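As given in Swiss-Prot:
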type	residues	note
ACT_SITE	His97	active site, proton acceptor
BINDING	His265	heme b binding site
SITE	Arg93	site 'Transition state stabilizer'
Amino acid sequence: MSETNSGGKCPVMHGANSTENRDVMNWWPEALNLDILHQHDHKTNPMGEDFDYREEVKKLDFEAVKKDLHALMTDSQDWWPADWGHYGGLMIRMSWHAAGTYRIQDGRGGGGTGNQRFAPLNSWPDNVSLDKARRLLWPIKKKYGNKLSWADLIILAGTVAYESMGLPSYGFSFGREDIWHPEKDIYWGNEKEWLAPSDERYGDVEKPDTMENPLAAVQMGLIYVNPEGVNSQPDPIKTGEQVRVTFARMAMDDEETAALTAGGHTVGKCHGNGDAGALGPEPEAADVEEQGFGWSNPNMKGKAANAVTSGIEGAWTTHPTKFDMGYFDLLFGYEWELKKSPAGAWQWEPINMKEEDKPLDASDPSKRHNPIMTDADMAMKMDPKYRAICEKFMADPEYFKDCFARAWFKLTHRDLGPKARYIGPEAPAEDLIWQDPVPAGSTDYCEEVVKEKVADSGLSISEMVSTAWDSARTFRGSDMRGGANGARIRLAPQKDWEGNEPARLSKVLKVYEQISAETGASVADVIVLAGSVGIEKAAKAAGYEVRVPFLKGRGDATDEMTDAPSFEYLEPVADGFRNWQKKDYIVKPEELLLDRAQLMGLTAPEMTVLIGGMRVLGTNHGGTKYGVFTDREGQLTNDFFVNLTDMAYSWKPVGNGTYEIRDRKTDQTKWTASRVDLVFGSNSILRSYAEVYAQDDNGEKFVKDFIAAWTKVMNNDRFDVQA
């Protein structure tokens, strides 16, 4: 490269391509950021719009992939040597730390997208050395190409690692589609530094259940809890309390938590045999010559035993490449005392351990070292509930292995969705309650007869549309839970949610259940089809003959198929589409709207057209009139947008997040509005969409676009026909 410009002015333009460029959100940080609705489109995806991974992966030679992974486990590489000549522990940690970011509160995180390849996860302090694990997998990814996503490979590698060390797998499903840039919708925490004290995300760090929602990890940059103890201060009882809350927020109960802790720490080791301060920067901060690697270790010198990751040093068991009962044998067979690792981290070591019980050195089989336990491990012994579970496991090793295999499957498949989405020969046939099973619904009924009965039922357009919406809006694309299939709006806890207006809902469901009994259609299908009836009726009243697309075949779930406590997390605390929120929150109503729209898989234009349609259809919660900018309520018109953009009106705040829309000449109040309504006129991007639908030539376009977006929402969870 020429040095002509050395010392002179920069020869390229500053601005769009500069890392110093200040974008809109820098200048106006309080502005509504719509970016979470504009993620993962075809412009960032090198595979193109026509590529369908879930079809492509079905062509994969599943057995050949597993054979290659088994071979990889013991093929130690000089550039990153394997502990005891086996990469199993490293691969399990990689899989675990991918899947373990899942949290049940919003369904985000998890291993379903291959996001560990990108910031911030690729550079989290808890993910030190996982860059090496993924690079070890590259030859396999390269070989199988488009038929095997990174997301599937990362999770499969951990499962095969367990198999290679003696644990039969409960099963595995393919079907995880890769993303191509970091997610913008996941809130990892508000801290400004890695591993900031836990106090920053707890109301009271002494009370683990006061952790900020929807977070699950105790510190920024950790997957679960601090292995040294709460804020790096060892106290197994306190750590056990954090473990319980953290794993519960990741959808695990006490038995699953104990099984995962024990099974996860039966194999592999912690790495802290050196100075953590000597490590180079994380991948995102490393120089270009590192080629995506981070945490370079000048003291590695080709020996696995010299690695530094967590700072804790040592294996948990006598045979770290074998899945056995060694974890329990050592944890409960010895007394333990606090020590410091070579890297200065707190760890527990055994008192007077027999030499033959000590694990071999990871690089030199002529040496043995003390095993270690983290503070979380000691909680399994000292917390009474966890201890009782562990004692049950010790008394029945086969039960422990089965519990762990099932918990591992749940951990790695929780965000993949229902069983209908499973792909591959090892997908288990058993129905598991956490999969939210739904029985197949009938398609052997006359759709038109159902529609006629709904139309003659005396229900209003608002009742029909609102009930269908409430049933479908629970869908979360984050973990593929919720939605209209199953009609769980009939069951606890959904039937009693404030946002579902229980009294109205009960009245409507009685009508639908009767129609279901008379026609053979499932209640789930009747709910959705009734929404179609309401929309078609409203469109006809506005002068448009339309037919809302409909797919038969939804089933009706039962209470026995429903894990009611886990569905509590799907309860809406706000729904801008129905102009409702449960109470006042620090987060603005329009931001809550964006969050729900993103979980439902909506784009900004789809969100916009749905708001406009829902308002004129009179679907506001409790029948309020906020945002009903029309004199023709019940007709599917573009009046919401026409009147929102009409400069004949002014907008005056009247308190509690509400506004009056006044005639500029008479100062008379014409309508009322919420912040959610007015943001479609105030935000420049949303206003641009609102103006499209307000145009004189776009009345019909509005109706068509509303129906298309509505149909998308109703079918979001139809994995039985998508798979």
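Even glycines carry a Cβ here, placed using N, Cα and C.
Feature map: annotations from Swiss-Prot on the structure.
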| residue | record | Cβ within 10 Å |
| --- | --- | --- |
| Arg93 | site 'Transition state stabilizer' | 27 |
| His97 | active site, proton acceptor | 22 |
| His265 | heme b binding site | 25 |
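Across the structure, the residue listed as 'heme b binding site' and Arg93 (site 'Transition state stabilizer') place their CA atoms 10 angstrom apart.
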